[in-house]
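According to TrEMBL, the features are:
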BINDING   H196  Zn(2+) binding site
TRANSMEM  20-39  transmembrane segment
TRANSMEM  51-73  transmembrane segment
TRANSMEM  85-105  transmembrane segment
TRANSMEM  111-131  transmembrane segment
TRANSMEM  138-158  transmembrane segment
TRANSMEM  164-184  transmembrane segment
TRANSMEM  193-214  transmembrane segment
Amino acid sequence: MKDARPFFPSYTRAEQIADAGVHAAGVTFAAVASVWLLVEAAGAVSGAHLAAVIVYCLGLVAMFSASAAYNLAPERRAKELLRRADHAAIFVMIAGSYTPFAVVVGGGAGIGMLVAVWAIAALGVFVKLRFPRRFDRLCVALYLAQGWIVLAALRPLVRALPEDALTLLVAGGVVYTAGVPFHLMEWMRFHNVIWHVFVLAGAATQFFAIRAAVFPS
C-alpha cells in the first residue's frame, strides 16, 4: 500500500540546528523591528501611514512566525497545515511590505500598486491553502512577480521616495531574488538555511527602506 503521508524534506542535525538559529534571529528581528517602527510611527505620521505600518508589521511577524512554526515542527499531521500557512504568509508579507510604499506614493499610482500586490497575494494564498503541493513553480513565479511589481511603478516611486528608501527597496528585492536559486537547489546541503538567511537579509533591508520612506530625513 502506498504511504499517504505527506513528504517533508529531510535535513541533517547540523542543518536543523543552523536553521533553528536563523529562525530565532528572524522571529526576534520581526518582533524588535515591529515595535521599533510602531513606536516611531505612533503620533508622528498620518492615520493612513500608521495603518500601512501596522499592515507591514503584521505581515512581517506572520511570515517569520509561520516559517519558524513549520520548519521547526516535527513531522506530524499539523506540519502539513503549518506548511500551507508558511507558504501563504510569504504572499502576505510581500504585499504588506509594499503597502507603506503605496501609501507614500499616493494617488492613482499608489492605489494601483496596492490593488496589484494584494490581488497577487489573494491568488497566492488561495492556491497555497486550497491546492497544497501543487502549482509550486507557478507560486515561485507569483512571488517574483509580486516582489518586482516595483518595476511597473518605478516612475511614481522615484518621484515620491527619498533616494535612500528607493535604493534599499531595490536592494531588498535583489537580495530576495538572489536567494531563490538556493531555495530550489534541494540537492545541496544547507540550501534551506542559506535561503532563509537571504530572506532575513532581504527583510532587514526592506525594513530600513520602509523606515526611510515613512520617516524621510
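Glycine too: its Cβ is placed from the backbone N, Cα and C atoms.
Note that TrEMBL annotation is computational and uncurated.
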Inquiry  = Are the transmembrane segment (85-105) and the transmembrane segment (138-158) close enough to be called in contact, which here means at least 3 C-beta pairs under 8 A that are separated by 6 or more residues?
reply    = yes
Note = If you count CB pairs under 8 A between the transmembrane segment (51-73) and each of 20-39, 111-131, 138-158, 193-214, the winner is 20-39
Query = Is the number of Cβ-Cβ pairs under 8 Å between the transmembrane segment (20-39) and the transmembrane segment (193-214) three or more, considering only pairs separated by 6 or more positions?
reply = yes
Ask   = If you draw a 10 Å sphere around the Cβ of H196 (Zn(2+) binding site), how many other Cβ atoms fall inside it, taking every protein chain shown into account?
value = 25
